Amino acid sequence: MDLYEYQARELLEEQGIPTPRAVYAGSVEHVADAAETIGFPLVVKGQAKIGHRGQAGAVKLAADLDDAVAMARDIMPMTIHGHRVNGVLLAEAKNVLHEYYVSISVDRSSRDFDVLATANGGTEVEEIAREHPESVRRLHIDALEDFDLEAATQMAESIGFYHADVDQAARILLKMWRCFKDNDATLVEINPLAKVGDPDDEDSKELVALDAKISLDDNAAFRHDGWARFRDPVVADALEREAKDNGLHYVHLDGEVGVIGNGAGLVMSSLDAVAYAGEDQGSGVKAANFLDIGGGASASVMAKSLELVLRDPKVESVLINVYGGITSCQTVAEGVLEAVAALGVDKPIVIRFDGNAAAEGLATLEKASLDNIHVARTMEDAASLAAQYAADAIAANAASAARREEDEQ
Ligand code: GDP
Ligand code: MN
């Protein structure tokens, strides 16, 4: 799971890594209060799980309240390289003197941890590596050896931190390592790790994290309470509330395949089947959410369910896995077709039925011969198809984003 910058900063702060004061605002209405708490000037930063926000115009310096509100209004509806902006962070603006880059990540091939660092921070590390390859240092932390202040100091020196910054850099490196380990992260990146302050006042200068990117290892979620505190607050809360109001049970996850089923057991197996298919196909696609429709699967329940599941902007395909009991799969099939027509759904939907009137239901769907409706006979086949469609859509989105970028240049 990738975190938003404001969430990643929280984890850095928990380890005592200095970060400028900042307040998250999930909607434009909350911007004024948040901005007053921080004071001016401040930086308005669009929260999207992607880098290059600065270049995309989603990081702006605001001189006063009017500025901050106007900028938030511009940034909030943005989509950056296919990633929706989900709120803004209002952060104390700092006078930046220099930008470093530091990251810690898992190195699967050498089974240890990579520290990547350069004194030329700011832009994305891929670009830095292209333009100043000699400045990028790759070092390693061995999980079995102690990484202590002495080791961190040696590392800070060899990374190319300027002399005056070495001690503070070493302490930050050590804290980044603790952040990485304590949170079962696969990536902790600070870019820029900035030297800020008044150029004429030595005492005012310090290193602070101006931006943070953290990815957590999904396999360790059980050790961290399922990372409930990092749920996508805007999308998740609204959808979960609306589902509840309609007698449905919706749970927001972090992947790309929407999952609709009846009964907790069937829905859980569907999630696993999707994750397995994504891993097997090498795309890493996972369930974006799940919606348990419970006993009733009428046309109106199906319409509401599809609408809710598709409203998560990350959903690229939907898997419907229904066991027909009292409700026949034939009824569910009719509900699916009505819902797809009413909502004008064009994303791929894969359906698998079992139980009461399963064959009739699937035949009804096949007869409708809609381009985006696909049927499968087993749960594994259905999950595999749904994962494949989602991966295809992600690849197509990335290709069209790359073309748009080329056009703009
Ligand atoms: P990214 O483009 O998505 O990596 O977003 P960042 O949070 O890294 O912001 C982009 C750039 O904005 C940084 O590299 C800084 O140069 C600049 N920036 C961010 N915060 C501040 C700040 O407080 N003061 C100044 N002067 N620049 C900032
Ligand atoms: Mn950055």
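Using the three backbone atoms N, Cα and C, a Cβ is placed for every residue, glycine included.
Remember, TrEMBL labels are computer predictions, not curated facts.
A quick note: this is a predicted structure, and the numbers were derived from the prediction, not measured.
According to TrEMBL, the domain 'ATP-grasp' annotation covers 9-216.
For Lys45 (ATP binding site), other Cβ atoms within 10 Å of its Cβ number 26. Residues or ranges marked as ATP binding site in TrEMBL: Lys45, Lys94, Glu99.
Sequence-distant neighbours of Asn191 (Mg(2+) binding site) (same chain, six or more apart, CB under 8 Å from its CB) are Gly51, Glu99, Tyr101, Val102, Ser103, Gly121, Gly122, Glu124, Val125, Asp211, Lys213, listed in sequence order. Taken from TrEMBL, the feature Mg(2+) binding site covers Asn191, Asp211.
The annotation substrate binding site is assigned in TrEMBL to Asn262, Gly325, Ile326, Thr327. Secondary structure at Gly325 (substrate binding site), taken from DSSP and collapsed to helix, strand or coil, is coil. Gly325 (substrate binding site) counts 13 other C-beta atoms within 10 Å of its own C-beta, drawing on all protein chains shown.
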DSSP state at Asp211 (Mg(2+) binding site), helix/strand/coil: coil
Rounded Cα-Cα span from Lys45 (ATP binding site) to Thr327 (substrate binding site), Å: 49
Filtered binding-site residues, from Lys45, Lys94, Glu99, Gly325, Ile326, Thr327, whose Cβ is under 6 Å from an atom of ligand 2: none
Contacting binding-site residues for ligand 1, chosen from Lys94, Asp211, Gly325, Ile326, Thr327 when the Cβ sits under 6 angstroms of any of its atoms: Lys94, Asp211
Neighbour-count leader, CB within 10 A, binding-site residues: Asn262, Thr327: Asn262
Spatial neighbours, same chain, of Lys94 (ATP binding site) - Cβ under 8 Å, 6+ residues apart: Pro20, Ala194, Val196, Gly197, Val208, Leu210
Winner by Cβ contact number (other Cβ atoms within 10 Å) across the binding-site residues Glu99, Asp211: Asp211
